[in-house]
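J.: Below: one structure in structure tokens.
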Amino acid sequence: MEFPDLGEHCSEKTCKRLDFLPMKCDACREIFCKDHITYANHKCMSSYQKDVQVPVCPLCNIPIPIKRGEMPDIKVGEHIDSDCKSDPAQRKRKIFTNKCSKGGCKQKEMMRVTCDQCHLNYCLKHRHPLDHDCNTDVKPRSKSGHAAALRAQAASSSSASGSSSSASGHSRPVSNGISTNSRSHSSGSVPRIPTSVSAQNVIPSSASFQAGLTEEQALQRALEMSLADSRPTVQPALSPQEQEDLALAQALAASEEEFRRQQQRQQGRESKQSNCSLS
């Protein structure tokens, strides 16, 4: 040949053609001929940096946006784990429902990992008290004691709601739109009429009660008022299990108070001993 230095050989191992118009791949920066310049023909390992195609989720068929330089497989996997709306992804997501209570941790576990001191759920990484900065000032309770305290709290809240509902039922309105409770309060707060007032200015209670009503309506209202006044306030009775739980919770609270007092007395003795040694 007259020009041996003209052109370059193709970088493909199976080709090595001397091309007088060589082309450089913009991804791997190697020289190829016209037959192997495409990414697929020379199996370019850096083609993902130049590939601007948007990957599609294989489960929900939604395009997933990615940045340049990111691996599509990683972004598709993150989409399936967090945002995918397909049935297989949602079933997988329902398994890992126990979120870690540590601030900033988003790890979820298949089963609950409860701390013995604060009784909160944590992941396997933060399950120890030192890993999640557990509050050690409070005396740790057993699982049965914690469950008893929760049941006692639920029983007290239910009893409070029952008493409020009974109070609202006690003040139910009558047929003319005035509640019996307000009527009883208003009748109890009426000032006494002095004896100097003449009998002509005093309106009888029966006349004011029956004003604008027939005898049957007045009798019906009187019966409703008597029933409302005679109805006792119903207090919800606690079951034996709730009574035992309440007693156990009270005993635990008393033991915690006694433990706190012992610590205070011990700290007082230590402070007195230190003062004596200094003097």
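Count begins at 1; order follows the chain as displayed.
Every residue, even glycine, has its Cβ placed from backbone N, Cα and C.
Here's the feature list from TrEMBL:
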- 4-52: domain 'AN1-type' (DOMAIN)
- 94-142: domain 'AN1-type' (DOMAIN)
- 134-193: region 'Disordered' (REGION)
- 145-171: compositional bias 'Low complexity' (COMPBIAS)
- 173-193: compositional bias 'Polar residues' (COMPBIAS)
- 223-279: region 'Disordered' (REGION)
- 257-272: compositional bias 'Basic and acidic residues' (COMPBIAS)
J.: For the domain 'AN1-type' (4-52), what does DSSP give as the number of helix, strand and coil residues?
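T.: Summed by class, the stretch gives 7 helix, 8 strand, 34 coil.
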J.: Looking only at the domain 'AN1-type' (94-142), how are its residues distributed among DSSP helix, strand and coil?
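T.: When I sort the residues of the domain 'AN1-type' (94-142) into the three classes, I find 2 helix, 6 strand, 41 coil.
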J.: As a test of reading the model: what is the averaged pLDDT for the domain 'AN1-type' (4-52)?
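T.: Overall, the domain 'AN1-type' (4-52) comes to a mean pLDDT of 84.
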